[in-house]
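Trainee: What follows is a single structure, and I will ask about it in a moment.
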Amino acid sequence: MFSLLRSMWLVFLHMFHKRDTYQYPEQKAPLPARWRGRIALTRDPDGEERCVGCYLCAAACPVDCISLQATEDEHGRRYPEFFRINFSRCIFCGFCEEACPTYAIQLLPDFEMAEYNRQNLVYEKHDLLIPGQGKYPGYNYYKVAGLAIKNKDKGEAEQEEPPVDIKSLLP
Amino acid sequence: MINAWWIIGGVLFVLLNTAAGLIWLERRMLALWQDRYGPNRAGPFGLFIVLADTLKLFFKEDWIPPFADKVVFVFAPAVVVASVLMSFVIVPFAPNIVVADLNIGILFFLAMSSLGVYSIVLGGWASNNKYALLGAMRGASQMISYEVFMGLALMGVVVLSGSFNLQQIVEAQRTVWFIVPQLLGFLIFMVAGIAETHRLPFDIPEAESELVAGFHSEYSGMKFGMFFIGEYLGVTLISAMVVTLYFGGWLGPAFLPPVVWFAIKTFAFISLFILLRASMPRPRYDQLMEYGWKVLFPLSLLNLWVTAAIKLWLISK
């Protein structure tokens, strides 16, 4: 009985406590950098697309909200022809980000994505692609990959040995 | 003497607005006690939330399940509001401001609050749904059990004042409020009153964690709103009754009119109801029944017995 009265009194005292509410539209809640919000496609330090269209994000997606089509430019550099995320299905699990080998797809701390029309929640590539590098600055997939593209031949990547001539008997 | 129709209209107007206003008040007070702000967007202090809620209730699809007993289903929510509003007939808001100055006022109050059980049972039964029926059964047993010693606890006041008439009961508190000689009776009446309005912590018939939403699972729109308003009216009624029976009704220092004193006291008790909701854990159902029958019922009998004995001893002296 005493404990009940005590808890009532303590709850009553909360009347004079500081409020914990964020007055949302005026006052934004601070979101941690790893908050899993809106999905974006980032670019590498040279301003080129990071995405190589490997389909791993689409494969990892538990709700199948990602669809894309890979294509190649004349220098052998792969990029997605289209990249589409249906945010009305997306559950913001971040599996696509985990699966991405090139840090291209990233979840950003932004949740203000409400739309009046459901169709507007389908984001196309031009909605997703951002000019910056997102959470992983300085990473350039084509600089470390052993793939010949424009201005970089095989063996010229960072920390890469020159290719072995498998036809030769010399060491 | 004021014209009776003015009193009836005034009482209805004030009560229905109070019940609607309690939507806002409860949300705001709960927010205060949980370190939140509560409604503060719609209008000044979020007061228009009442309007928004009402509009929402009116425009929501008012769906009657095809398997329900339609007549009873529609009738049930009206019973709760009607029975509670009828109980207010005997509450004296100030000297001579009372709809019906009955000599059996308390009995009428008890009768009307028993009728409230019907709305729960009929609502739960007509929904033709197991959860609703179980909720209704719980509600009925809880309300009937707590009704028993609610009446017995009141009898202490009746013994002291020698009348069932609420105006005379208030007059009998001129020297000392009945909270002093009837502290135990007050506590029992308060607990029984909370259980009677099935407010938290005794909101067992709703039990949304076990029984979806209890007896009103199938209700929507304004029919649900009637249950909602009925609950708030019940809170107001129990607060008004506590004030009349134990806290001297309209009595108070003369610098404020009697009605204002009555309103202030009632408001304090309504706030107490909300505070209870904010701070109490909900008992298990069997604990609730056990507490009622094994603790409060004997206590209320003892209270009545001791009060009557002392009164007799005082008379015989």
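Yeah, the Cβs are placed from backbone N, Cα and C, and that goes for glycine too.
Reproduced below are the annotations present in TrEMBL:
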TRANSMEM  B:6-25  transmembrane segment
TRANSMEM  B:71-94  transmembrane segment
TRANSMEM  B:106-126  transmembrane segment
TRANSMEM  B:146-164  transmembrane segment
TRANSMEM  B:176-195  transmembrane segment
TRANSMEM  B:224-247  transmembrane segment
TRANSMEM  B:254-275  transmembrane segment
TRANSMEM  B:295-314  transmembrane segment
Trainee: Mind checking which residues reach the transmembrane segment (B:106-126)? Cβ under 8 Å, same chain, six or more beyond either end.
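Mentor: Contacts of the transmembrane segment (B:106-126) (Cβ under 8 Å, skipping residues fewer than 6 from its ends): 68-70, 72-73, 75-80, 83-84, 86-87, 89-90, 132-137, 139-140, 143-144, 147, 150-151, 154, 157-158, 164, 166, 169, 196, 198, 205, 214-216, 219, 227, 230, 234, 237, 241.
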Trainee: Would the transmembrane segment (B:146-164) and the transmembrane segment (B:71-94) count as touching if the test is at least 3 Cβ pairs under 8 Å, pairs 6 or more apart?
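Mentor: By the criterion, they do not touch.
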Trainee: Out of B:71-94, B:176-195, B:224-247, which stretch touches the transmembrane segment (B:295-314) the most, going by CB pairs under 8 Å?
Mentor: B:176-195
